[in-house]
Structures are given as structure tokens and as C-alpha cells.
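Annotation source TrEMBL lists transmembrane segment at 45-64, 76-98, 133-151, 163-184, 190-211, 232-254, 266-290, 321-343, 364-382, 394-412, 424-444, 450-470.
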Amino acid sequence: MVRKPVVSTISSGGYLQGNVNGKLPSLGGKEPPGQEKVVLKKKITLVRGISIIIGTIIGAGIFISPKGVLQNTGSVGMSLVIWTVCGVLSLFGALSYAELGTSIKKSGGHYTYILEVFGPLPAFVRVWVELLIIRPAATAVISLAFGRYILEPFFIQCEIPELAIKLITAVGITVVMVLNSMSVSWSARIQIFLTFCKLTAILIIIVPGVMQLIKGQTQHFKDAFSGRGANIMGLPLAFYYGMYAYAGWFYLNFVTEEVENPEKTIPLAICISMAIVTIGYVLTNVAYFTTISAEELLLSNAVAVTFSERLLGNFSLAVPIFVALSCFGSMNGGVFAVSRLFYVASREGQLPEILSMIHVRKHTPLPAVIVLHPLTMIMLFSGDLYSLLNFLSFARWLFIGLAVAGLIYLRYKRPDMHRPFKVPLFIPALFSFTCLFMVALSLYSDPFSTGIGFIITLTGVPAYYLFIIWDKKPKWFRRLSALANNLMIRSFIQMEFSLPQVQHFIKAHLDDIKLFF
């Protein structure tokens, strides 16, 4: 099997849906007689789109990141400024992605836009890092927060055993994977319910906080900008913590092909979601400081629990449950969206072809969902996942900044491209500059973590030439590939993929299979 460099199949804002074999049909081509299209269905409405964005953004971040933001800014006032700035920057990034998503109507998010603008090598590196590290690690970290908070009411008087946390976390990850493998509709419906739980968790903190302000509890806001002072070298790390809490605004672009009327739905869903989240996050942090001092917040490992125990009394037990459901919603939304990224990358020829196949009855990219499960489990039991996320914050914001910079490039390179939604040029310019500047500055702020993230990202370059470009692979390599292909063929039949998909896959890999036997 030879895998050649791909050429972007996007043209002037149109998009091509996968046919029965999971590949993009040729332009102007027709389906062979008797073969019915098996495609991802358009089942994501405005409400479901809003629920995906809010449900993915609001997770463990708002209950963990306040400590990191405060630690790297040095004062209550500066931390609130960073939360507001990160919200505005996220809105700018989301609006830029709205233009990209309505101009390039194809799922895949960052990967698709980088492929269109910068070509196959940077796109492969992006999906390589996402597949091996970012998504499994991010899912595992959020899942660990889910496991800890869901067990909190049962271990009030003692420390929760780490093994118990990891076991319940493994169950939660498996449930999310099964849910996203079975039904797009049910996954989206449950996400709406979990979004309600997330907003409830935020309101449980905001409402008592506002009541504290009305009572005059403002002592922690006096001399709000006094403290040890913000170091400019700490700002990139504060930026990473804040943007991590807001991360998720880009996930609707991963499922563009499943959005009803994307020209109107995507921009509207983004604007509504980001307004709700930004206001909610700033008010949540204000609420924290009505009850907790800056010094107490820095000593807390779970600020939401500390806040609720201080202010809500017996009702504080409800907070860990709502936080756990909030984390579960982020797990569900993240897996729902990123599995589509792998599906698109496979369809473009940059990941194994199995990941481009769609279940014939459920219309879900089942293999793309399944491949995340073992990778996430490895991350779960491998150790300190928070460090892994710090390592790869460098790669995440580097590629997001590049994708938005690509929007500016497309404005000049393809001025006639159909753009149902356009943002003022200063918005993508400011966002991409901020991302790239902070990424560069973080190399000085934390050279160890960001350096490792940079090295891991660079491993995608030799991987690209090994798996995509090199067509004179040794015989043992081809035999191993043939064995894997043979096992996948058996799995296809058991997982009830459509017969034309299996036939196409067998035909495409016939030489390798003969070599094995």
C-alpha cells in the first residue's frame, strides 16, 4: 500500500460528502448503480450547536484554572482582567472560525483549515499530535476530574483512593465512547441535558456570590491590583490556564458537515455561547472572591468545593455532583467533535482508511471513536496528565493561531471565495498575533514544558515522511501492514459496515493481503 501526499479537496466554500467507501467522490462523479450513500447526517440544530460549545467549554477548567491564573498574575484585579481578556480573545477566535467554517463547509476544524492553507505536512503534524497526545490526555484529565468529584460525596471524612478515582474514570470514559459510537442524536440530546447541569453548577456559585456582594462582602476586592505584582514572564502561563478553561469554542467546526444551515447556525451558536460563557466565568470568579481570599484560593485544590463548604452548608454536597456532570459533558462534547477530525483526516488519506468509514445503520464514524478509547486509557494510567497538557498547550495554541492566520491569507489569496459570514480583519489579526506571541514567550517562561511540547510536535515530521511519503518500505513492514489490514477486514464485517465499504477496502489493499498469505 502506498500513501501519497494529499491535495486539499476544498473548493470555493463547497464541500464533498463521503460516499459508501468513506472517500470523497470525484468532482462531477456519480455513485455506482445500487450503491446508497452512507454519510454523516445533518442533525445538529442551533440549540444542539450551542449545547455542544457550552457543554464542551464548561468543564473542569472553571473549577481548576482560577488558581493557576491568580498564581501567575499576582493579584485579584489582574486575574479578573485575564479572565475577561481570555473571554474576548476566545470570542475573536470563535468568530474567525465561524468565517472559516461557513466558507469551508467541511468537518475537521483546525486540521481542515491548515490543510487548505498550508498544505498536507503541517496538517498531518496537527492531527498527529491531536491523535497521540492532546485529545487522549485532555479527555483523561477531564475524566479524572469527573472521577474525583463524583466520588467526593462518598468520601467526606477521608481522602479518596487514587485507584478508585481511576476505576470510576475508566467507566466514565467507556460510557462516553459507547454513547458516541451508538447514536449522533442521543449523544447530542444528552449533551443538551449536561449543558443544563453545567449552567446549574455555575449558577450555584454565581447566585450566592451576587448575594454576598449585595451584603457588602467586598473586602477581598480592596486594593485589587496590589500584591506581589504580575511578572510579564508569567502572563503566558496565565494565558494558557485561562484559555484552557475557555477551550471548546472551536469544536462545532469539527462537525460542520452535520450542522443544519451552517451559514446561519455556526456564527449564531458561537456568539450566543461565548457571550454566556464569558459572562458566566467572570461572575464565577467574582463570586469566588466574595467568600475566599486570594491566599485561601491559592491553597485550595478544588476552589468550587472550598467555596461551597464555606457558604452553602449542607447543600455543598450538590456542588461536586454538578461539577462531575459538567466534566462528563466536556468529555462527551470533546469526543463527539474530535472523532470527526480523525474521520476527515482519514478521508484525506493522512490516517488509516478504517477511520474514514461510517457505520451503515447508525451513521456514526465508529472506528474514529473507538481508536480514542485505548489511547485515553493509556494516558489515564500513565501518571501526571496535567503536565502533559502543559507540554502540549504550546502545540494547541500554535496550530490554532496558524489556522486563524490562514484566514487572513485566504482573504488575499482567494478574494472571490464565497464567504456567507465575514469578520473585520483586525479580529483574526489580533487573535493570531496574541496566540503566536504567547506561544513564543512561553518558551522563555517555561522552557522545559513547552520545549517538550515542541519536540513532541516535531516528531510528526518524520512520521509524515515514514507513513505518507516513503513508498519503498521493507518487506517486514508491508507484512505487518497486511496483518493489520486483514484483522480490520474481519472487524468491519462484525461491526456491520456496509458491504461496498468492505469490498472497496479489500480491493484497495489486495496486494498487501496477498503478500501476507
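Glycine is no exception: its Cβ is also placed from the backbone N, Cα and C atoms.
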Please identify the stretch among 45-64, 76-98, 133-151, 232-254, 364-382 with the greatest number of Cβ pairs below 8 Å relative to the transmembrane segment (266-290).
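The stretch with the most close Cβ contacts to the transmembrane segment (266-290) is 76-98.
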Are there residues at least six beyond either end of the transmembrane segment (76-98) with Cβ under 8 Å to its Cβ atoms? List them, or say none.
66, 69-70, 109, 220-221, 224-225, 227, 230, 235, 238-239, 242-243, 245-246, 249-250, 253, 266-267, 270-271, 273-275, 277-278, 281-282, 285-286, 289, 294, 400, 403-404, 407, 421, 423, 427-428, 430-432, 434-435
Other than its close neighbours in sequence, what residues sit by the transmembrane segment (394-412), given a CB gap under 8 Å and a spacing of at least six beyond its ends?
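Same-chain contacts beyond the ends: 93, 96-97, 99-100, 103, 109-110, 113-114, 116-118, 122, 126, 129, 134, 240, 243, 247, 250, 425, 428-429, 431-432, 434-436, 438-439, 442-443, 449-450, 453-454, 456-457.
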